[in-house]
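Heads up, the thing below is written out as structure tokens.
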Amino acid sequence: MKKIAVLTSGGDAPGMNAAVRAVVRYGIKNGLEVIGVRRGYSGLIDGDFVKLEYKDVAGITEKGGTILRTSRCEEFKTEEGREAAAKQLKKHGIEGLVVIGGEGSLTGAHLLHEEHNIPVVGIPATIDNDIGLTDMCIGVDTCLNTVMDAIQKLKDTASSHERAFIVEVMGRHSGYIALMAGLVTGAEAIIIPEIPVDYSQLADRILQERRRGKINSIIVVAEGAASAYTVARHLEYRIGYETRITILGHVQRGGSPTAFDRRLALSMGVEAVEALLDGEADVMIALQGNKFVRVPIMEALSTKKTIDKKLYEIAHLLS
């Protein structure tokens, strides 16, 4: 193997740049030519390639986002789109591909290998932390710290004004960020897709706490469970006073990655290159315990990552 490519796809996650840096520099150290694919799978189809040298990735570990840019590519979901991508790889003599992204990106990588025998290795990068067989995905720790910091600031104003704040965080199918952020900030309630919410019971809890002298409340809701406005409507009707809504939105994706995310991304990038050099394909790099391992992409994607209900109960008890 003499030439490989790397791309970032789907929603950006803090730490993607660190992974790109590791792939580029470790690849070059092992005698490989490394090509960067701009704009994810869209760039792969269009042939938007750039040769990456050692100096091109200097100083990017601490930067959020992705220097390669990213996209969500509908065309790549079609057989014709994947065929066009495979032709571009073969045209440019690229013998292996590292894909950094979430569930959709990794599914695309698997199909590219299955249909066109392209050696691919996936690196899980998504703030939802919803990829199976890996303890953590790149970007999760940074996102969690961003959310925690925002909630702590909201608690200051909630206390000053004696208000209930509803904080909506990302998580279309997974409540991981909401659960962990709610736990570490002492939120009065956490609403996640995995566990049904009883608004009457929730309102009773808030009113009970208020009678005990708790003058402010923080309710953390994952976007996939309900919108903050829906939660506010249900609660205001039952508790009899106005709430305030904060939707954190895309701020959760940005920012300089934490030390944990940098280390995770750098290690996964190195392992991805080693996997290609070892002749492996259609695998994802995963963190299991304190070890980095290679697992089949579809096995990871078909393994449902469940919420730790004990943590949910602990968060409820400690609120």
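Backbone N, Cα and C atoms are what each Cβ position is placed from, and that goes for glycine too.
Around ASP128 (active site, proton acceptor), the same-chain residues at least 6 positions away in sequence with a Cβ under 8 Å from its Cβ are GLY102, CYS137, VAL140, MET170, GLY171, ARG172, HIS173, SER174, TYR176, ILE177. Taken from Swiss-Prot, the feature active site, proton acceptor applies to ASP128, supported by sequence analysis.
If you look up Swiss-Prot, you'll see GLY11, ARG72, CYS73, GLY102, GLU103, GLY104, SER105 marked as ATP binding site, on the strength of sequence analysis. Annotation for ARG72 (ATP binding site): spatial neighbours SER9, GLY10, GLY11, GLY40, GLY104, criterion Cβ-Cβ under 8 Å with sequence separation of six or more. Secondary structure at ARG72 (ATP binding site), as computed by DSSP, is coil.
The feature ADP binding site is assigned by Swiss-Prot to ARG21, ALA22, VAL23, VAL24, ARG25, LYS155, GLY186, ALA187, GLU188, ARG212, LYS214, ILE215, ASN216. According to its DSSP assignment, ASN216 (ADP binding site) is coil. The Cβ neighbour count for ASN216 (ADP binding site), using a 10 Å radius over every protein chain in view, is 19.
The Cβ of GLU103 (ATP binding site) lies under 8 Å from the Cβ of THR126, ASP130, ILE131, LEU301, each of these being in the same chain and 6 or more residues away along the sequence. Here Swiss-Prot flags GLU103 as Mg(2+) binding site.
Secondary structure at SER105 (ATP binding site), taken from DSSP and collapsed to helix, strand or coil, is helix.
Take the mean position of the Cβ atoms of GLY11, ARG72, CYS73, GLY102, GLU103, GLY104, SER105, the recorded ATP site; other residues of that chain with a Cβ within 8 Å of it are SER9, GLY10, GLY40, GLY101, GLY108, THR126. It is 48 Å from the Cα atom of LYS214 (ADP binding site) to that of CYS73 (ATP binding site). The distance from the Cα of GLY186 (ADP binding site) to the Cα of SER105 (ATP binding site) comes to 34 Å. Counting only same-chain residues at least 6 apart in sequence, those with a Cβ under 8 Å from the Cβ of VAL23 (ADP binding site) are ILE4, VAL6, VAL34, VAL98, GLY269, ALA272, VAL273. In sequence order, ARG205, ILE206, GLU209, LYS214, SER217, ILE218, ILE219, SER319 make up the list of same-chain residues 6 or more apart from GLU188 (ADP binding site) whose Cβ falls under 8 Å from its Cβ. Taking all protein chains in view, 23 other C-beta atoms sit within 10 angstroms of the C-beta of CYS73 (ATP binding site).
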